[in-house]
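These notes are about the structure you will find just below.
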């Protein structure tokens, strides 16, 4: 460490210049990183719905529609004109409407003078088909937009149809996310920045120090975003969450180093010597904090649902870069600006926490009982939560939500499911089509068996019509359902449809896709990942704690406290009835295990040091008096980061993740200064016996360790 500190001190100006230039270059590189807004792309390659999309694109020219457009108060001719104009928009691959199956001129004769459909002139099935595309002067188009160009195509369609008409679908959701991603990230940072600066000003003794901390972590964040260019693309969730989390969990590193430097300036005549000692002194604390956070985030790399590795890589590299920036860039920055920093000193704004520490120790039994009463129902309530696996519902005031309601009011819900089965079994296709039509939630079935009929030879049909139903190897059946995109009913329906298909075909030769099917696979994948990620995180953190404390009981206590924080956080959502984004739950759990456990580490470490010279109660009073301020700053930073994401984003995944993170940080702080001290004091006598070479003073002689007394 001495060699590194010597080089940092010697080349401090050059380090600042090179680091800032690198951050600027990487920041520019970050603008070229492709952002992926399709969560289905992160399903494992062996997921059935992932294979289905690939197989369908290879075998059928016409993909499934991914957007619906409703035009209000239009005639059949006007609707047909709009169809032509929408078809001409770049990246619109197909526009499906009633004229694909019926002649518009003949269709006109089916309507009365008042515009109503004369259903007596046609069979009920045809009437339902017509009303699914044109009803009460409203036309509904099924549009296929080229993958990767959703934003451009959707914006062009909006320009054409105006605000009075409506558009929904997965392509529209992706375009909405694209339109909002950058602006909402800026909004979150604009909300987060001033609040973090305020917290740091209150907790430090200088107006300049907070700017140094934010500059250091900001540089590391900018470089990290630029490095994403190597990977080619990142998810919009990673873009929204990773920079904020990097700032929140690694700001402590800068605080540790700066405080250590301030301490040594009182004892050293030279600022360079003070910095050398500060770098060496703070390395252990920063490394320990970095390591637990690193292993928590690294657990995300083991998820099969690839959004986990996508976020995990960014978070792991972000923490490493923040560590490097803190140990190299920040010392150089402090040495260059220390004179300015001295001029901008202010009195401490936060009070001493000695009285609070004493009060918490005196109330330990009451607090332990209250928290114990909360933990038991919280453990049970956490399983009662409602989880969402996709993007969730759009914000109520958004155009997407308003348009969804408009279309639903006229045509009802529309949720498509595509099924690919091996070609050649006409009997199975006919039976399946008939069985699907009998399902209450199926509005219509489009297959060769029920739309054309096998009594009509395929060679008599236009090639474009036949190609909608058959490729060389597969037959395609498309169901239009009234199901919600995501609900328990939808998942049960997907399972039922899979079971019906399995009666006629083997599972490995059939494929299904659609929004609900993709989410069903996502649910199956994420729930399996949960067990793996939780176990890996738990084992990794426990091993780090065992090595750090050389104890069996302290890691158990610390993990219990953090797990209790997670249970209470989840129980709060269950009580309020708020849905939890499952991917957010996984991320927040790993963040809490990897980051908020630092609060417990700090208290436990200080308590062990104080127990060498003080009895349990006095040692804990001193520990809390000196530790609460540091933990409060760290928890406040993480909570503000979470709530900033939750309040600034209209994306359900990001919003729910942020709110859960904010609540989790607050709960972890409360339990760290209430439950943990109580347990440590109660288990005080056990700790030395279940630890290696740990020495506590006894009642007879404050300076005589327990282990020595036993040896005597």
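Note: Cβ is positioned from N, Cα and C throughout, glycine not excepted.
Automatic prediction, not curation, is the source of TrEMBL annotations.
What TrEMBL says about this one:
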type	residues	note
TRANSMEM	15-33	transmembrane segment
TRANSMEM	186-204	transmembrane segment
TRANSMEM	211-230	transmembrane segment
TRANSMEM	236-256	transmembrane segment
DOMAIN	241-336	domain 'SSD'
TRANSMEM	285-305	transmembrane segment
TRANSMEM	311-338	transmembrane segment
TRANSMEM	359-379	transmembrane segment
TRANSMEM	624-645	transmembrane segment
TRANSMEM	665-683	transmembrane segment
Leading contact stretch, 211-230, 311-338, 359-379, 665-683 vs the transmembrane segment (236-256) - CB distance under 8 Å: 311-338
For a three-state summary based on DSSP, what are the helix, strand and coil counts in the domain 'SSD' (241-336)? 87 helix, 0 strand, 9 coil
Given the transmembrane segment (186-204), which of the listed stretches 15-33, 285-305, 624-645 has the most Cβ pairs that are under 8 Å apart from it? 624-645
Looking only at residues six or more beyond either end of the transmembrane segment (665-683), which have a C-beta under 8 A from one in the stretch? 360-361, 364-365, 367-368, 371, 553, 557-558, 560-562, 564-565, 568-569, 572, 592, 596, 599-600, 603-604, 607, 616-617, 620, 623-624, 628, 631-632, 635-636, 638-639, 642
Mean pLDDT for the domain 'SSD' (241-336), rounded to an integer? 89
Residues of the same chain, at least six outside the transmembrane segment (624-645), with any C-beta under 8 angstroms of its C-beta? 188-189, 191-192, 195-196, 199-200, 203, 240-241, 244-245, 247-249, 251-252, 255, 350, 352-354, 356-358, 360-361, 591, 595-596, 598-599, 602-603, 606, 654-655, 657-666, 668-669, 672-673, 677
